[in-house]
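Read the structure below first, then the notes.
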Amino acid sequence: MSREMGELTQTRLQKIWIPHSSSSSLLQRRRGSSIPQFTNSPTMVIMVGLPARGKTYISTKLTRYLNWIGTPTKVFNLGQYRREAVSYRNYEFFRPDNMEAQLIRKQCALAALKDVHKYLSREEGHVAVFDATNTTRERRSLILQFAKEHGYKVFFIESICNDPDIIAENIKQVKLGSPDYIDCDQEKVLEDFLKRIECYEINYQPLDEELDSHLSYIKIFDVGTRYMVNRVQDHVQSRTAYYLMNIHVTPRSIYLCRHGESELNLRGRIGGDSGLSARGKQYAYALANFIRSQSISSLKVWTSHMKRTIQTAEALGVPYEQWKALNEIDAGVCEEMTYEEIQEHYPEEFALRDQDKYRYRYPKGESYEDLVQRLEPVIMELERQENVLVICHQAVMRCLLAYFLDKSSDELPYLKCPLHTVLKLTPVAYGCRVESIYLNVEAVNTHRDKPENVDITREPEEALDTVPAHY
């Protein structure tokens, strides 16, 4: 093999090396050509559909999910680019015969695609969600050519809805609060937005089963009453399609809480499978009274397999379902130890966990990263359900809360989930509304903040600086 043939050049795509050729380098390709598409090439998720079809809702939820499972993902909302370029006046900006506006909109799309390239090829992103109408074949061809030039995979998500009640509700919930309509009369907003939809309908070209048979896509009809999936290419696209087939928009609330205070909580010991303390039992009855006062229709109750969650649920006097996936994080060799004992016997492990709490795995135990993977089926079922009460544990509750509140892996292990407090999560248009309800039963504090000094050579006093008081 010649020296030239043996050289490898790293492309801007993550961790991909290709043979170097001095005569026709792929890195110096001419415009319009393409680079190879590898198995782990980044993916562009392209939204398609008329306005008020839930595209931004889908984009936001999908991005939150993919980030939660560890796939770096970012939304690029074309409406934001357009608002930065020009102030909105009325629906006439979207008329197909408004050539000046058409040019502005195309320039905004190109600016967004430039940022997509920066994110996927330079900032270690793996999935870019291009949130726009993309209703014409011309616009989709532009995006496909862009993806081909940079070696990205493409997966289309088309949301189709012909139910006028669903469309009207979407306009009411989302568009009335849009930056395009600040301080506008509600009736005028509705009138203008319906005319905007009419502008798009003139040139709308849905994905076609025959003409687009070579493309990868999922079509969602009437917010999930029917799906059509075509040519799923890889793991990311498969998980995306599966996730989208599990979400719904039915109004509901999810109640998250920890078990009542346990005997090991009182003694400052982590893990184990102890029963409730006297105050923990008092909380269990307080929780039962609270749930009854809420008059929640068709409530499902989930617990872990551990004694303390089961004892808490028993006080409710209703059927409950046990999930092994909801068990507390496995602390391995550190099970039932206090933080002081861990520092004494495993000072290096204690410091390593403080350095990267999300990825650190207890010897013979689990990490938060492991726990997220274990909880993915729970998240899928929560998305499918309506009203649910989940009685779980501190680390588990942190993982679930991070999903619903879109928290990063750095934030996740330090989310505060105190004992004897219920969090009521109500999904709204682009996020989740949180209500914290303390049930007025005292309990020990089990939250430990990250200490300032996380070095392995630190003094024991520095390592234990943030340990909460216990008996």
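Cβ coordinates are placed from backbone N, Cα and C, and glycine is handled just like the others.
Annotation comment: Swiss-Prot describes 2-250 as region '6-phosphofructo-2-kinase', evidence class similarity to another entry.
According to its DSSP assignment, Thr133 (beta-D-fructose 6-phosphate binding site) is coil. Marked as beta-D-fructose 6-phosphate binding site by Swiss-Prot on the basis of similarity to another entry: Arg82, Arg105, Thr133, Arg139, Lys175, Arg196, Tyr200.
Residues or ranges marked as active site in Swiss-Prot (evidence: sequence analysis): Asp131 (among others).
The active site annotation in Swiss-Prot covers Cys161 (among others) and rests on sequence analysis. Neighbour list (Cys161 (active site), Cβ cut-off 8 Å, at least 6 residues apart, same chain): Gly49, Leu50, Ala52, Arg53, Gly54, Ile167, Phe221, Asp222, Val223.
The active site, tele-phosphohistidine intermediate annotation in Swiss-Prot covers His259. When secondary structure is read from DSSP and collapsed to three states, His259 (active site, tele-phosphohistidine intermediate) falls in the coil class. For His259 (active site, tele-phosphohistidine intermediate), other Cβ atoms within 10 Å of its Cβ number 29.
Long-range Cβ proximity for Glu328 (active site, proton donor/acceptor), meaning a same-chain Cβ under 8 A and a gap of 6 or more residues, is found for Gly271, Ser304, Met306, Cys392, His393, Gln394, Ala395, Val396. Residues or ranges marked as active site, proton donor/acceptor by Swiss-Prot: Glu328.
Residues or ranges marked as site 'Transition state stabilizer' by Swiss-Prot: His393.
In sequence order, Met47, Lys55, Thr56, Ser59, Val75, Phe76, Asn77, Leu78, Gly79 constitute the residues six or more apart from Asp131 (active site) in its chain with CB-CB distances below 8 Å. For the binding-site residues Arg105, Lys175, the largest tally of other C-beta atoms within 10 A is found at Arg105. Averaged across the region '6-phosphofructo-2-kinase' (2-250), pLDDT in this predicted model comes to 89. The shortest Cα-Cα distance from His259 (active site, tele-phosphohistidine intermediate) to any of the binding-site residues (Arg105, Thr133, Tyr200) is found for Thr133. When the Cα positions of Arg82, Arg105, Thr133, Arg139, Lys175, Arg196, Tyr200 are compared pair by pair, the longest gap among these beta-D-fructose 6-phosphate-binding residues is 24 Å.
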